[in-house]
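The region 'N7-methyltransferase activity' annotation in Swiss-Prot covers 171-245, 429-555. Among the features that Swiss-Prot reports, region '2'-O-methyltransferase activity' is placed at 246-428. Annotation comment: Swiss-Prot describes 556-692 as region 'GTase/RTPase activity'. What Swiss-Prot lists as region '2'-5'-phosphodiesterase activity' is 693-835, and the listing cites sequence analysis. Annotated active site, for 2'-5'-phosphodiesterase activity per Swiss-Prot: His718, Thr720, His797, Thr799, in sequence order.
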Amino acid sequence: MKVLALRHSVAQVYADTQTYVHDDSKDEYENAFLISNLTTHNILYLNYSVKTLKILNKSGIAAIEIQSPDELFTLIRCNFTYNYENNTVYLHDYSYYTNNEIRTDQHWVTKTDITNYLLPGWKLTYVGYNGKNTRGHYKFSFICQNAATDDDIIIEYIYSNELDFQTFLLRKIKERMTTSLPITRLSNRVFRDKLFSSILNTHKKVINVGPRNESMFTFLNLPTIKQFSNGAYLVKHTIKLKQERWLGKRVSQFDIGQYKNMLNVITTIYYYYNLHFSKPIIYMLGSAPSYWIYDIKQYSDFTFETWDPLDTPYSTTHHKELFFDKDINRLKDNSILYIDIRTDRGNMDWKEWRKVVEHQTISNLNIAYKYLSTGKAKVCCVKLTAMDLELPVTTKLLHHPTTEVRSEFYAILDVWDVNTIKRFVPKGVFYAFINNVITENVFIQPPFKLKTSSNDYIVALYALSNDFNSRQDVINLINQQKQSLITVRMNNTFRDEPKVNFKNIYDWTFLPTDFETKGSIITSYDGCLGIFGLSISLSSKPTGNNHLFIINGTDKYYKLDQYANHMGISRRSHQIRFSESATSYSGYIFRDLSNNNFNLIGTNVENSVSGHVYNALIYYRYNYAFDLKRWIYLHSIGKANVEGGRYYEHAPIELIYACRSAKEFAILQDDLTVLRYANEIERYINIVYNITYADDPNYFIGIEFTNIPYEYDVKVPHLTLGVLFISDNMINDVITVLKKMKPELFKMEISTSYTYMLSDNIYVANASGVLSTYFKLYNMFYRSHITFGQSRMFIPHITLSFSNRQMVRIESTRLKISSIYLRKIKGETVFDMSE
């Protein structure tokens, strides 16, 4: 959903678009709530309130002021992520395909021969980090850039087994044009940048678990973050390999040697960060042309000092010369050294060339060892070739993708490796490594152990659900870690599957009720965005690849109606009710009937069940941005701080009724996951609320009327407004509550329209207009620790006779209250009040 705020209506009609005019009779929160439950994708918001826009954005719903037709046309035709704190829009718009154009935000790609393999007549355009170079295309009242690129296709091709790039590109573009937009992947880079800068403003020590290559630029400027990944491939791991021969396989049609070198250096940078938590100087030998340095400098300001007889245009300091052993003393501490020296083969015979390469490999290793043998805070990444070698057993082996699989690979060494025991590795084993192992991640840090860290803020995005982790250990970490943002895969199955297949692994699935957290927010991706200053135009869909975002230790926990709130809670219900269901009242009818309340007159205005909780349960796959457990808990302890809107505090029994309705809904839908979720939410309600029932009552509250439009044979027909189980010394407490409620009690617009047999020999009249006041009265008694109401649903009725009678229907008749009293069952009246 996107909300585009206009001062004036527009003449043009757009598909999937609805107009909402600000309702001045309602406050900004109520307007925001009504907007959020509209069912179209585009909302044109007229006569808008800036505060309402702010409320929507905090809820993760993109809402932007529009000042021109061009702004409207641009935003209505595509999806986007919005940084509402600095008024920047990141478009995810692929309409540039109509210019016969693909885009990249990695400069090195433009220096390859990739254009020879594009679709006929197509070109490649460099657009800068997150499309920053496109800002000049949009002369808008807000900052706007198009973050959409085709780097995902290019990178997927590089790691695939396919060689024909044009065929691969064509298939992927067609897929993109015929499937829904992977909105979270597109906005994730924007989110990660905002997230980690926000966290580091308030937390000095941050742990990040499970980063992948898509984050490789994000953390270049954040050296103090401690990374955990899947670990490195070490020399000692080669013992499992069987010897092989040279393969000579082509990986890419266009030259990706630049990409390989960039990955090698970035891997080394992050390895250095995890040791020293600061930025190193970067020395490079055999550096030309290293166009990728430009890419790294777009994200962070590194000092590159390079040696090569050829130019290295983006280096900070370039020595246009060869590097010799005597130059090692020029290399400072707090640095990394990348050795990529190799002489061109020219016309050399392959045997002679092989000797040169092996000699150069030994020379490269000697430079590395000498560099690491003195000084401090040093890491080296060195090019090696498959040959008989002795290497430290803790050497980290790298084999990032390159244009052709030949004989080369790389090794990362640190000052500790130099003094570690060495192992002889034969040439054939190195070929087995080269032929079979691809380094898929620039993050080669050790795996994260599922233990709390009291002084650290832990971030684990899409990293802990894998079934090689203990599910209970993941739950324990989330329950016990004081400060964190952790995601887990949401249980989106209908059979309540404990784990699901994802790509080539299995993930555990989770529901919010799996966690016993207090002070945590459990929400969706878009709900989490709102907490960190972003919003999005396309809300999470139940794709099966959905995650719960669990935020521990946030100062926004008590801001119940601002973040992870109830915005959009009824949107899915509206979509169904007004398009597919038997009636738009179907939800109200079902909730009453499933709780044995058969009086459906006015069910849409006087329902006996919490619609919020019911919708949050049965449609949790669509509206899990709303943190239901937090909402229940804060109400239970009386700390539901609400800024605005039509606020109605539910009685705890209404929440129980909602769970019962949701369970029956789940049974009818054969939805075992909702069934368990509803059961567990009901159990949670009973834990946080101390609900007691007057199932063996000794007092009741009665209402007498001046007019009863039916025949009756009881002495005085009355409406029982509720029963109590109290001791005699609590009578005054009950009377105090009744006196406080007196104005509302006498304002009740009670009416009746039919009679029926409540049970054998009990003939009653229905009573409408009672429930909302009953639940308010229930809440007041609950807060006063007075047992009021039974475990079965309260059905308002007036007893007319204790004999069988025929049903009577009349026009709805208003009943006037004459008195309200408290009476002991089979005893005397102890309190009576009249208007």
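Keep in mind that glycine also has a Cβ here, set from the backbone N, Cα and C atoms.
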(message) Within its own chain, what residues at least 6 apart in sequence put their Cβ under 8 Å from the Cβ of Thr720 (active site, for 2'-5'-phosphodiesterase activity), listed in sequence order?
(response) Phe700, Ile701, Gly702, His797, Thr799
(message) Excluding near sequence neighbours, so keeping only residues 6 or more apart in the same chain, what lies with its CB under 8 A of His718 (active site, for 2'-5'-phosphodiesterase activity)?
(response) Gly702, Ile703, Glu704, Phe705, Ile798, Thr799
(request) Check the region 'GTase/RTPase activity' (556-692) for me and report the mean pLDDT. (result) 93
(message) DSSP-wise, what's the residue breakdown of the region '2'-5'-phosphodiesterase activity' (693-835) into helix, strand and coil?
(response) 33 helix, 56 strand, 54 coil
(request) Check the active-site residues His797, Thr799 for other C-beta atoms within 10 angstroms of each C-beta and report the one with the most. (result) His797
(message) Based on DSSP, tally up the residues of the region 'N7-methyltransferase activity' (429-555) by helix, strand and coil.
(response) 28 helix, 34 strand, 65 coil
